[in-house]
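Per TrEMBL, the features are:
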{"type": "DOMAIN", "residues": "1-207", "note": "domain 'Major facilitator superfamily (MFS) profile'"}
{"type": "TRANSMEM", "residues": "42-65", "note": "transmembrane segment"}
{"type": "TRANSMEM", "residues": "77-97", "note": "transmembrane segment"}
{"type": "TRANSMEM", "residues": "103-125", "note": "transmembrane segment"}
{"type": "TRANSMEM", "residues": "137-158", "note": "transmembrane segment"}
{"type": "TRANSMEM", "residues": "170-189", "note": "transmembrane segment"}
């Protein structure tokens with residue numbers, strides 16, 4: 001779940017805390033770029049893009065699941081989902097240094113792709129790998145990981161942790177940590193027996 005539905009829960013809650021800091025950064029970047037202060041309608045529009053484009057990325061990620069899960073398998077698809085997660089973390093972390101708030105929009109879009117993939121493949125992969133007696137318990141890990149992700153996002157956004165103006169780029173890049181953990185651990189997991197049997201025709205590997 002750490003690279004699956006956890007990412008979804010994390011990205012939903014993590015955007016709330018640095019809202020005012022990001023809006024302030026957009027005002028400063030706009031002033032430096034164009035020599036005039038933007039009106040509040042522009043700031044509201046840009047902020048709306050940052051928040052809502054995550055769902056568009058999630059839609060594209062979800063639509064890609066069927067192709068990726070058959071073409072590469074469940075495990076490799078989960079690993080591939082970490083690529084947009086790491087790219088989004090890099091873009092959002094470097095946005096303040098570069099002075100381009102557009103990098104946050106692109107980063108949120110990529111984070112949405114990762115969440116869309118992870119949200120669907122996590123349930124599929126866990127369900128297909130779970131022993132029959134544990135299938136119900138394993139299926140619950142999807143909703144559990146979402147809840148833990150939301151909690152982690154809120155906790156990281158506290159002023160005592162990363163919820164201060166100087167650290168909001170680090171907060172926005174926090175999704176790199178679960179992505180790296182999954183990249184280091186998931187290769188040791190087995191592939192889905194259903195994928196091996198039905199898609200790869202590998203009966204021995206399935207058994």
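Placement of Cβ uses the backbone N, Cα and C atoms for every residue, glycine included.
Sequence-distant contacts of the transmembrane segment (170-189) (same chain, at least 6 residues past either end, Cβ-Cβ under 8 Å): 2-3, 6-7, 10-11, 14, 17-18, 75, 78-79, 82, 85-86, 88-90, 92-93, 95, 104, 107, 111, 114, 129, 152-153, 156-157, 162-163.
Looking at the domain 'Major facilitator superfamily (MFS) profile' (1-207) alone, the prediction's average pLDDT is 93.
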